[in-house]
Amino acid sequence: MMVTGVDVVGLSKRVPVPTSSCSTALPRATSIVSRPWLAEFSVAFSTTYYPPPDLARLGTADLCDVFHPQEVGQHSDLKIADSIFRNYGGKTRFSGKIATVHCYENNPLVRKALEAPGEDHVLVVDGGGSLRCALLGDNLAEHAAKNGWQGIILNACIRDSEEISKMAVGVKALNTHPLKSAKGNPGVQDVPVTFAGVTFIPGQYVYADSDGIVVSEKDLGSN
């Protein structure tokens, strides 16, 4: 018999035990359940098989546990953005293939992108970190929701935040600002953009939720 874990009665969690023979696993399990915080609970061993996680249901914290097991500061294929963003959309968890716009205090290309079919992509906008105007308002966010965009990540500000919070699209931005952007220099589209310590490359994949933003070269499962 193979011991796969310890079911703790009274707790909604499972204490993992490394797969081993029963004779070697039992002493390890005994040391686990002898901890003071488990003293008042009865325990039972189980051989229930737990399948691999459904990646489509995992949040960014779970993805980090699975794909970024290294210590802080060590290299990993999973890139983690700095925690500088706030949630504004009606969806707090979203993911998809990356499309990009690079612009500064001008948003014609943001409009052009969001008025086109999103095909479950996430639009990543590098607005240079400007806090002097908004690159996204409720009209463009409504286009995004209707046209099949999963979400928008902006290194810039938005406005109409109350209306956007009711829309079925994910929106992360630095902050809000009531002034709309200019319509002159449009910027460039579908190029790699770098901010928050991460380079977002068109065609790669981004995953976002209330805990943060992670980027992967490969599809880890769509939310």
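Positions of Cβ are set from backbone N, Cα and C atoms, glycine also.
Here is what TrEMBL says about this protein:
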BINDING   GLY137, ASP138, ASN139, LEU140, ARG159  substrate binding site
BINDING   ASP160  Mg(2+) binding site
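Feature map: TrEMBL annotations on the structure.
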residue: GLY137; record: substrate binding site; CB count, 10 Å: 18
residue: ASP138; record: substrate binding site; CB count, 10 Å: 17
residue: ASN139; record: substrate binding site; CB count, 10 Å: 12
residue: LEU140; record: substrate binding site; CB count, 10 Å: 22
residue: ARG159; record: substrate binding site; CB count, 10 Å: 21
residue: ASP160; record: Mg(2+) binding site; CB count, 10 Å: 20
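Maximum intra-site Cα distance, substrate binding residues GLY137, ASP138, ASN139, LEU140, ARG159: 11 Å. A straight line from the CA of ASP138 (substrate binding site) to the CA of ASP160 (Mg(2+) binding site) spans 6 Å.
Apart from GLY137, ASP138, ASN139, LEU140, ARG159, the substrate site neighbourhood in this chain, defined by C-beta within 8 angstroms of the site C-beta centre, holds ALA134, LEU136, ALA141, GLU142, ILE158, ASP160, GLU163, ILE164. The Cα of ASP160 (Mg(2+) binding site) lies closest to that of GLY137, out of the binding-site residues GLY137, ASN139, LEU140. Taken residue by residue with DSSP, the residue listed as 'Mg(2+) binding site' is part of neither helix nor strand, so it is coil.
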